[in-house]
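Below are the structure tokens for one structure; questions will follow.
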Amino acid sequence: MEPQNHTRVSEFLLLGFSDDPELQLLLFGLFLSLYLVTVLGNLLIILAVSSDPHLHSPMYFFLSNLSLADISISTTTIPKMLVNFQTHSKSITYAGCIAQVNFFALFACLESLLLTVMAYDRLVAICHPLYYLVIMNPRLCGLLVLASLSISFLNSLLHYLMMTQLTFCAGVELPHYFCEFSQLFNLTCSDTSISSILIYFIGTIFGGVPLSGVLYSYSRIISSILRLSSLGGRYKAFSTCGSHLSVVCLFYGTGIGVYISSALSSSPRKSAVASVMYTVVIPMLNPFIYSLRNKEIKSSLWRISHRIA
């Protein structure tokens, strides 16, 4: 089949998980429920942080931005999948596919950077508690979020530029439920030698650097905690970063797991199933992790529920 310019490709086919109509109906109900829980849970976190003066601190400011990133990641991927389930269609337009690639790159990178910023916040809180409010002042917090957003936009722009340079054969079928760049990259008809180098470079910079920042912060945190003589003091210090550490392990653990499974597995659909973890499950779990392990969040949500009632 002769390759044609990408502007001629009007749509892609998202093969998803199954062609069985009954299973698709079950999957529609499942993913709709997960999406609604994700949006509601993260909106409650944002509402609690914005409405409760007790939560107007750097840690919760970063948490509300993380919740916004979680909602955005899920909204980038799930609604289109639900529409396809409902209409029994597998198509997505070329413009829609580019939009999914760009927005997913933007919000996934933003989540990674926010987790790094939150790790630095916990580092300052545990290693320099007396200077915490001086160091983590509102100006610095705003600059850290703005810098994270700017870097994420740059990552998204690079993905857009690479996407527009790819050419595809007619009738491109993606064995996935959304337009993931690596899947598109594997199906291109154009020369990908330069793009392959760029992908590894971008992955190292935008993925490896934030992870290195998280590992460095927690190495300093653990070292500081171990120097405490009191067992109660160690527990209290570690409990302040327990929720964040859980989210970090889930986010990076599943991301690395998906990468390894896609590299070792010959079935692209298994990779799609594994991708559900970091596009659907983790954004849904984050609010529960922070609310269940945080007394201040639980108290704020309790007060909000009483005001509504």
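Every residue gets a Cβ built from N, Cα and C, even glycine.
No curator has checked TrEMBL annotations; they are predicted automatically.
When I checked TrEMBL for this same protein, it listed these features:
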type	residues	note
TRANSMEM	25-48	transmembrane segment
DOMAIN	41-290	domain 'G-protein coupled receptors family 1 profile'
TRANSMEM	60-79	transmembrane segment
TRANSMEM	91-118	transmembrane segment
TRANSMEM	130-154	transmembrane segment
TRANSMEM	197-216	transmembrane segment
TRANSMEM	237-260	transmembrane segment
TRANSMEM	272-292	transmembrane segment
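Provide an account of the burial state, proximal residues and distances for the features listed.
Within its own chain, the transmembrane segment (25-48) is flanked in space by residues 17-18, 55, 63-64, 67-68, 70-71, 74-75, 78-79, 81-82, 85-86, 280-281, 283-284, 286-288, 290-291, 297, 300-301, 304, which lie at least six positions past its ends and keep a Cβ under 8 Å from the stretch.
Same-chain residues lying 6 or more positions outside the transmembrane segment (130-154) and placing a CB less than 8 Å from one of its CB atoms are 58, 61-62, 65, 105-107, 109-110, 113-114, 117, 120-121, 124, 206.
Using a Cβ-Cβ cut-off under 8 Å and counting only residues 6 or more beyond its ends in the same chain, the transmembrane segment (237-260) has close neighbours at 66, 111-112, 115, 118-119, 122, 125-126, 207, 211, 214, 218, 221, 224-225, 228, 271, 274-275, 277-278, 281-282, 285-286, 289-290, 293-294.
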Restricting to the same chain and to residues at least six past its boundaries, which positions have a Cβ under 8 Å from a Cβ of the transmembrane segment (91-118)?
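Sequence-distant neighbours of the transmembrane segment (91-118): 6-7, 9-14, 59, 62-63, 65-66, 69-70, 72-73, 76-77, 80, 84, 144-145, 147-149, 151-153, 155-156, 158-160, 163-164, 178-181, 184, 206-207, 210-211, 213-214, 217, 244, 247-248, 251, 278-279.
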